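Take a look at the structure set out below.
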Amino acid sequence: MRFDVLTLFPEMFSGYLTQSLLKLAIERSIVSVDLHNIRDWAQDKHHSVDDRPYGGGPGMVIMPGPAVEAVEAVQKLDVTPGRVVMLTPQGRPLNQRLVEELATHPRLLLMCGRYEGFDQRVIDILEPEEVSIGDFIINGGEVAAMVVIDSVIRLVPGVLGDEDSGRYDSFSTGNRLLEFAQYTRPREYRGLQVPEVLLAGDHQKIAKWREESSLQRTRKQRPDLLNE
Ligand code: SAM
């Protein structure tokens with residue numbers, strides 16, 4: 001799976017790309033993440049990428065030229081056309097179903113906004129999938145792009161050590177509800193015991209207990225999921 005990230009702050013990804021599951025996936029060539037600085041497609045001698053909004057108001061807007069031309073040039077770097085995804089609060093809210101859809105594409109181009117976002121003509125021309133990570137505002141699309149990469153790579157075969165560990169995650173295909181309660185050693189902590197059924201090794205009973213635990217948690221913490 002190939003990700004191309006278009007950003008004005010590529011340095012923000014340096015720590016992220018060199019840690020944990022993503023680092024291993026990159027080392028094993030299961031995933032690649034290429035960073036592209038939108039400023040490289042600036043069209044004047046000052047390398048400007050943003051300007052004041054027409055109509056007035058605070059902040060700056062990313063100009064259409066550098067953004068559109070960056071995407072067009074990056075598309076040409078691989079024979080597989082990438083699905084263009086723009087991180088924006090106006091987008092479709094990210095949930096596990098959307099993550100599953102995104103993971104069906106072998107290549108994603110992630111466009112990270114800054115300031116007041118992209119000029120509307122970038123959206124009109126590129127027709128990206130607009131994706132929001134929630135009803136709140138963060139400073140730039142980079143953290144949102146990392147959320148997309150982090151959630152999508154979990155579904156790429158070979159990334160998780162045990163494929164089943166993703167299948168039973170909350171919201172996932174094997175379990176559209178919340179995941180069941182988990183326990184590890186010690187058996188007793190501050191007077192709280194691990195449920196006996198998890199210690200006895202009867203897999204049918206364990207599966208039934210987990211199903212019930214998942215339902216109970218969902219009823220209590222996310223009853224909205226039961227109606228989906
Ligand atoms: N003025 C814009 C608005 O009200 O929609 C917010 C711009 S925000 C400060 C700058 C950039 O951060 C956006 O262009 C987008 O790329 C990113 N961003 C902010 N919140 C986001 C969210 N909830 N989901 C995805 N991206 C977000």
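Just so it is clear, glycine is given a Cβ too, placed from its N, Cα and C backbone atoms.
Record features, source TrEMBL:
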type: BINDING; residues: Gly113, Ile133, Gly134, Asp135, Phe136, Ile137, Ile138; note: S-adenosyl-L-methionine binding site
type: DOMAIN; residues: 1-227; note: domain 'tRNA methyltransferase TRMD/TRM10-type'
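Positions of TrEMBL features highlighted on the structure.
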residue: Gly113; record: S-adenosyl-L-methionine binding site; contacts (Cβ under 8 Å, 6+ apart): Ile62, Met86, Leu87, Thr88, Gly140, Gly141
residue: Ile133; record: S-adenosyl-L-methionine binding site; contacts (Cβ under 8 Å, 6+ apart): Leu87, Pro93, Leu94, Val143, Ala144, Val147, Val148
residue: Gly134; record: S-adenosyl-L-methionine binding site; contacts (Cβ under 8 Å, 6+ apart): Pro93, Leu94
residue: Asp135; record: S-adenosyl-L-methionine binding site; contacts (Cβ under 8 Å, 6+ apart): Pro89, Pro93
residue: Phe136; record: S-adenosyl-L-methionine binding site; contacts (Cβ under 8 Å, 6+ apart): Pro89
residue: Ile137; record: S-adenosyl-L-methionine binding site; contacts (Cβ under 8 Å, 6+ apart): Pro89
residue: Ile138; record: S-adenosyl-L-methionine binding site; contacts (Cβ under 8 Å, 6+ apart): Ala144
Per DSSP, three-state class assigned to Ile133 (S-adenosyl-L-methionine binding site): coil
Whole-number mean of pLDDT values that fall within the domain 'tRNA methyltransferase TRMD/TRM10-type' (1-227): 96
Mapped DSSP class for Gly113 (S-adenosyl-L-methionine binding site), helix or strand or coil: coil
